[in-house]
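S.K.: Please see the structure below; I have some questions.
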């Protein structure tokens, strides 16, 4: 019985710590709130994670096709989180040699080659300070 409890607690801890990086990204992007769309560097960024249209296409359009579906998904926490996870899973092979949170942060901020873009290091530093992740 104690072994089962220990295993359940370990699994729960992994889930909580694995979500910490994503939560810090969400906090940094929007205060982790559905903030709608705003112009950012010449194009719209929407929702919890400030997802842009090409990012939404690359994550597989989990909320459906079209710009209205993208904007609705970006303001739905579960849909937007699924999009970020799918995007990172798609491109994480481009980030060999760095920790999972750094992969997620730099890919989210810098696109498919974000781990090789020095401009994403500042973003990663902010997320790392939030979560203490690597």
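Start at 1 and count along the chain as shown; that gives each residue its number.
Cβ coordinates come from backbone N, Cα and C, glycine included.
Please treat TrEMBL annotations as automatic predictions, because they have not gone through curation.
Under the heading active site, nucleophile, TrEMBL lists 29, 40. According to TrEMBL, the disulfide bond annotation covers 21-101, 24-133, 26-32, 37-46, 59-83, 73-79. The signal peptide annotation in TrEMBL covers 1-18.
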S.K.: Would you pick out, from the active-site residues 29, 40, the residue whose Cβ has the largest number of other Cβ atoms within 10 Å?
M.R.: 29
S.K.: Near residue 24 (disulfide bond) in space, meaning Cα within 10 angstroms, which of the recorded positions do we find among 32, 40, 46, 59, 73, 79?
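M.R.: Checking Cα-Cα distances against residue 24 (disulfide bond), the recorded positions within 10 Å turn out to be 32.
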S.K.: Give the number of CB atoms, excluding that of residue 46 (disulfide bond) itself, located within 10 Å of its CB.
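M.R.: I count 26 other Cβ atoms within 10 Å of it.
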S.K.: Looking only at Cβ atoms, how many others are within 10 Å of the one on residue 26 (disulfide bond)?
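M.R.: 21, counting other Cβ atoms within 10 Å of residue 26 (disulfide bond).
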S.K.: Return the residues near residue 21 (disulfide bond), defined as same-chain residues 6+ apart in sequence whose C-beta is under 8 angstroms from its C-beta, sorted by sequence, else 'none'.
M.R.: 100, 101, 104, 105, 127, 131, 133
S.K.: Taking 10 A as the limit, how many CB atoms besides its own sit near the CB of residue 24 (disulfide bond)?
M.R.: 22
S.K.: Tell me the Cβ contacts of residue 83 (disulfide bond) under 8 Å, same chain only and six or more apart in sequence, or just say none.
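M.R.: Once residues fewer than 6 apart are set aside, residue 83 (disulfide bond) is near 49, 51, 55, 56, 59, 60, 62, 63, 73, 74.
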S.K.: Reported as an integer number of Å, what is the Cα distance between residue 79 (disulfide bond) and residue 29 (active site, nucleophile)?
M.R.: 16
